[in-house]
């Protein structure tokens, strides 16, 4: 199997609550490789690009305001079938639907403060990585 790369972002509530190390540890224990990592304060423009598929939805403004409210940790993670592996590890967007043992099941406070974002396809991962990382970072 060929290793793939995906984009993962620890959201402001995860950073503020000191969950960065715990989340990274889960990925590393699963045998995934952190290729690049940075903490940033996301601009509104970047947030709107990151979540462009939600533009026009009722929660879009709240989401953009939330992810720009504090620092986030952006990562490029590599591994076999990494997109699906990480999607399973993070759990459902709604923490009530996320089983215990998943990142959101264990740490998310609400649908909006759900600790983490991860790309849901290779195509989206490539687009999302390019918002935060130059080719030289990878």
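Each position is counted from 1, following the chain as shown.
Glycine is treated like the rest: Cβ placed from N, Cα and C.
Lifted from Swiss-Prot, the feature list:
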BINDING   11, 59, 87, 93, 104, 114  ATP binding site
ACT_SITE  117  active site, pros-phosphohistidine intermediate
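Known features from Swiss-Prot, placed on the structure.
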residue: 11; record: ATP binding site; CB count, 10 Å: 24
residue: 59; record: ATP binding site; CB count, 10 Å: 12
residue: 87; record: ATP binding site; CB count, 10 Å: 17
residue: 93; record: ATP binding site; CB count, 10 Å: 14
residue: 104; record: ATP binding site; CB count, 10 Å: 22
residue: 114; record: ATP binding site; CB count, 10 Å: 23
residue: 117; record: active site, pros-phosphohistidine intermediate; CB count, 10 Å: 21
- Item | C-alpha spacing of residue 11 (ATP binding site) relative to residue 117 (active site, pros-phosphohistidine intermediate), in angstrom | 7
- Task: Using DSSP reduced to three states, classify residue 104 (ATP binding site) as helix, strand or coil.
- Result: helix
- Message: Need one number for the ATP-binding residues 11, 59, 87, 93, 104, 114: the maximum pairwise CA distance in Å, whole number please.
- Response: 21
- Query: For residue 117 (active site, pros-phosphohistidine intermediate), what is the secondary structure state per DSSP, taken as helix, strand or coil?
  - Reply: strand
